Amino acid sequence: MTTRYIFVTGGVVSSLGKGIAAASLAAILEARGLNVTIMKLDPYINVDPGTMSPTQHGEVFVTEDGAETDLDLGHYERFIRTKMNRRNNFTTGRIYEEVLRKERRGDYLGATIQVIPHITNAIKEKVLAGGEGHDVAIVEIGGTVGDIESLPFLESIRQLGVELGRDRTLFMHLTLVPFLGAAGEVKTKPTQHSVKELRSIGIAPDVLICRGDRAIPANERAKISLFCNVEERAVISLKDVDSIYKIPALLRSQGLDDLVVKRFGLECREADLSEWENVIYQEANPNGEVVIGMVGKYIELPDAYKSVNEALKHAGLKNRVSVTIKYIDSQTVEAKGDEVLQGLDGILVPGGFGERGVEGKILAAKFARENKLPYFGICLGMQVALIEFARNVAGMTDAHSTEFNKETPFPVVGLITEWVDEEGNVEQRHEASDLGGTMRLGAQLCHLLEGSKAAQAYKGNSCIERHRHRYEVNNKYRERLEQAGMVFSGLSSDRKLVEMIELKDHPWFVAGQFHPEFTSTPRDGHPLFEGFIAAASAHQKRDLK
């Protein structure tokens with residue numbers, strides 16, 4: 001199969017939405033029957049985002065094969081059916097690590113290792129490998145044109161443009177076209193300078209995606225076309241919209257997919273965007289609203305919980321309600337108590353690391369349990385629910401996780417002592433082990449207890465979900481917790497590890513050690529999130545009565 005490559009760059013400012021634009025184009029091409037994948041090339045020196053602060057970088061998205069990747073890969077999976085893997089995201093740090101490892105082995109036969117050709121060749125190899133087996137591979141280059149960090153990636157795609165030829169490569173550049181209120185007009189000069197910068201390193205864009213808070217007038221598009229040496233039909237206006245799921249239709253209406261298909265000489269059907277039209281209709285026509293309290297520690301940056309936010313919205317679509325997320329700092333719960341938890345239709349405690357704010361999450365789980373309020377715990381959210389239950393129901397005073405209190409008399413949650421590395425080798429781990437890449441990661445089979453809420457949600461006796469954690473339920477206390485009324489509704493493939501818990505005599509109190517948000521999509525939703533929002537809606541209706 002001959003793969004075509006679309007390289008996506010960004011200029012003027014960061015955070016223009018390259019990932020959303022790339023995913024939206026991929027969605028249209030997929031709707032035309034093409035097999036599409038997307039890659040993200042990140043220019044930072046970290047090997048992966050696994051140890052980066054969520055308040056700086058946003059969430060870490062975990063793929064099926066256990067790669068810790070950029071949150072943009074979450075956008076990719078929500079827009080297209082293709083599942084991402086570790087080949088779909090790599091960083092400058094990863095490239096340098098692999099090149100230096102080869103140098104130490106002597107693979108370069110004593111050559112002087114340089115950015116060109118050694119680093120650029122390694123980048124090109126990864127891009128070509130990531131695109132194998134697909135009709136089209138869209139490659140997003142992180143950062144902004146002009147940044148020194150991005151230069152090796154830009155040089156690599158420039159070389160690929162020459163090596164593969166125009167019939168297999170296309171360069172798409174996102175840029176900002178701001179509106180100046182004082183002048184009453186949009187300004188094209190930033191775009192002209194951004195394209196000039198791109199051309200100075202040997203890349204001539206074939207398509208310009210012009211971002212702004214309004215549609216760009218025809219005369220300004222003609223001006224951009226003239227000064228940037230791009231066909232006028234390839235100057236695409238991408239205005240701000242109230243839903244990212246409207247963007248595929250917006251790009252389709254301007255013929256972006258036709259331009260791509262014609263450029264690559266592909267024979268394919270017209271795009272069928274009916275599924276996206278249905279999503280947009282559901283989003284615009286809810287029959288009610290529910291308020292979900294998300295109790296976390298990274299709430300100053302909502303992108304730290306990007307996939308959870310989106311999964312809640314998807315579940316709202318399936319239940320025909322709009323979901324309002326109330327972000328609650330778990331430290332505020334510690335300071336003010338349950339007064340900040342009033343007026344909610346459900347509580348969700350997402351994943352997290354570190355001791356800060358953990359007691360607030362435990363209090364949130366207690367409030368939900370005692371007040372019969374729907375509760376959904378994810379990863380750490382399951383662990384705090386179990387700790388709360390152990391302390392206040394099972395009689396294990398001061399029960400805790402050894403992550404937060406190594407001297408606890410009841411370590412109901414403890415460190416996983418074995419893990420499997422990328423090569424499949426089993427290694428022993430202890431408290432002093434490296435933090436990066438040393439977690440239980442990726443898709444795992446989970447057996448579900450017959451008759452449980454989990455089994456009802458999944459409509460079966462098993463599920464496959466993605467993990468990212470170092471700590472597990474301590475099996476020593478399982479029997480005692482079960483006797484107190486806790487239900488272990490999900491177990492690992494060997495039935496040795498607890499994957500899900502529920503509470504008896506509660507409308508909906510469900511928690512999982514895994515991260516179901518990573519597999520939720522706007523078209524399909526996710527059974528656990530759907531069940532949670534359905535329970536929240538039912539709770540609200542009971543309160544209204």
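The backbone N, Cα and C atoms fix where each Cβ goes, glycine too.
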Out of Lys40, Lys223, Swiss-Prot lists as part of the UTP site with Ser14, Lys187, Thr188, Lys189, Pro190, Thr191, Gln192 the residue Lys223
Note: Swiss-Prot has Gly352, Leu380, Gly381, Met382, Gln383, Arg470 binding L-glutamine, and from Glu334, Glu403, Glu450 that site also includes Glu403
Joining Ser15, Leu16, Gly17, Lys18, Gly19, Ile20, Lys239, Asp240, Val241 at the ATP site recorded in Swiss-Prot, out of Asp65, Asp70, Asp72, Asp303, is Asp72
CA-CA within 10 A of Gly352 (L-glutamine binding site), subset of recorded positions Ser15, Glu140, Pro190, Gln192, Asp240, Cys379 in residue order, equals Cys379
Of all C-alpha pairs drawn from the CTP-binding set Ser14, Asp147, Ile148, Glu149, Lys187, Thr188, Lys189, Pro190, Thr191, Gln192, Lys223, the farthest apart lie at a distance in Å of 31
His515 (active site), Cβ-centred 10 Å count of other Cβ atoms over all protein chains shown, is 23
Among Glu140, Thr188, Thr191, His515, i.e. the recorded positions, the one with its Cα nearest that of Arg470 (L-glutamine binding site) is His515
Cα nearest Ser15 (ATP binding site) among binding-site residues (Lys189, Pro190, Lys223) -> Pro190
